[in-house]
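Everything on this sheet refers to the single structure shown next.
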Amino acid sequence: MLLALLRQHIRPYRRLVAMLMMLQLVSTLASLYLPTVNAAIVDDGVAKGDTATIVRLGAVMLGVTGLQVLCAIGAVYLGSRTGAGFGRDLRSAMFEHIITFSERETARFGAPTLLTRSTNDVRQILFLVQMTATVLVTAPIMCVGGIIMAIHQEAALTWLLLVSVPILAVANYWIISHMLPLFRRMQSLIDGINRVMRDQLSGVRVVRAFTREGYERDKFAQANTALSNAALSAGNWQALMLPVTTLTINASSVALIWFGGLRIDSGQMQVGSLIAFLSYFAQILMAVLMATMTLAVLPRASVCAERITEVLSTPAALGNPDNPKFPTDGVTGVVRLAGATFTYPGADCPVLQDISLTARPGTTTAIVGSTGSGKSTLVSLICRLYDVTAGAVLVDGIDVREYHTERLWSAIGLVPQRSYLFSGTVADNLRYGGGPDQVVTEQEMWEALRVAAADGFVQTDGLQTRVAQGGVNFSGGQRQRLAIARAVIRRPAIYVFDDAFSALDVHTDAKVHASLRQVSGDATIIVVTQRISNAAQADQVIVVDNGKIVGTGTHETLLADCPTYAEFAASQSLSATVGGVG
């Protein structure tokens, strides 16, 4: 998986990689040539007292060193550019794919693990790419070239290489084989600690309200300790790599000096050749060390690549059709459900069964029912946040699955049950509700705020009023009104309010509904509500109970003909004659 991921995302940088490899090749060859020049200086210059040879070869050595340094600097620069671009592209690919996920895929992975995979996991692979960029050509050429040059200098001592290099390779392989499962566990534990932190921060009010700080501390401590222990185990194995490598290099160097000294003493080898052989021996083992350091990063990067590939290979449940359809004259807002049935993944029973209804432009359809009856799921099907498992949802006679999702959603103004606001300003959040090509003016923003009865509390600091993440610096009712204003900005063909007035007092609720009727015009309005006072004003009321429609009609007819609706109304102490605003 790691290789496939690297190959896919490194492709745009092939030219940079080719230049990088060329510079590394020249730099490595220059490094391999230096010990030979040094040996010649010792044997032909110093040993014979030939100053001219020393100066001439010294100049050559200086020139080769300069070339090696320049090429090395260029290789580092290109490697950094390649790594930075690779990391940017991989993060973008993750983000672009994740935003296509429906609630099903998001819930399957969980927000904390998606955040970890998009940031920490990408960082681990980027680290591997940057390390690989420095050893991609250097290590193999230095190793092979060093062996060739060492044999050229003194073939009789090459048996030391045949002993030391395999020992080093086998030892490092043994260490890495133990590190891989530990790194896989570490990434899972990082997800866990992020999940605990997210829960604690998101539910800080609940934690304090129930004085559960101690419990949360213990839960975090357990997750933190588990991660720390896994990291310690992996670190212990990783820490073995450098001592093993150093021990092998030092022991091999001592053996080389010993046996080389014996050959010099017997006149079979010159001092310069021993110095050159030592240099090549060090270069060979250094190449193995560089490869080892890269291999130390490889296990964790491999695990991260598996996790990233899992996300990127997960298809979005709500894909776009090959040949999307769209009404010739634009969306007018006729919404029809024909035998719609929906079952959540893994559930035994459908949450909605055989739902059929029609909502027309210029009318308001209220959907009422007890908690858990399936009201929110029903409007999620209309907005195509989920796809039906049977039946169909049609907008202007076209199945919503045949629309391009962006064009469908641009025709719908949704105010969800939980009104989420993005960090920034009020103006930023209102612009978020604009159409793809819509330039939202300040006048339109203030008009939307007026419709949502939100202009009063925004008036003090204006449109630049700061909004914290999630809108936590506003009350529940204020968040709902800002979310309503955001939906109004677009002037969509279909308005969907999923219990979006629950935090408003009766007076503000009535004011917002009156303003919505004025600006909605011929738009279709679908309201999920728990308030009979809201349902009483609707042109059509749909009563949902246990996933089925048990009543359809006006407020008055349902009071007479639908026991479920009558009980619902009675529970709110509303008389059978109510027809106006409650």
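Each residue, glycine too, has its Cβ placed from N, Cα and C.
Annotation source Swiss-Prot lists ATP binding site at Gly369, Ser370, Thr371, Gly372, Ser373, Gly374, Lys375, Ser376. What Swiss-Prot lists as domain 'ABC transmembrane type-1' is 17-300, and the listing cites sequence analysis. Look at Swiss-Prot and you will find 335-571 tagged as domain 'ABC transporter', backed by sequence analysis. Per Swiss-Prot, transmembrane segment is recorded for 17-37, 57-77, 131-151, 156-176, 239-259, 271-291, and the stated evidence type is sequence analysis.
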Roughly where does the domain 'ABC transporter' (335-571) sit in mean pLDDT, to the nearest integer?
89
Apart from Gly369, Ser370, Thr371, Gly372, Ser373, Gly374, Lys375, Ser376, which residues in this chain have a Cβ no more than 8 Å from the mean position of the Cβ atoms of those residues at the ATP site?
Val544
Are there any residues in the same chain, six or more apart in sequence, whose C-beta is under 8 angstroms from the C-beta of Ser373 (ATP binding site), and if so which?
Val544, Asp545, Asn546, Gly547
Within 10 angstroms of the C-beta of Gly372 (ATP binding site), what count of other C-beta atoms is obtained when all protein chains are considered?
11
Neighbourhood of Ser370 (ATP binding site) by C-beta distance under 8 A, where only residues 6 or more apart in the same chain count:
Asp545, Phe568
So which one is it: of the binding-site residues Thr371, Ser376, which has the fewest other Cβ atoms within 10 Å?
Thr371
Gly369 (ATP binding site): secondary structure state under DSSP, collapsed to three categories:
strand
Same-chain residues six or more away whose CB lies under 8 A from the CB of Lys375 (ATP binding site)?
Ile367, Val368, Gly369, Asp498, Asp499, Val528, Val544
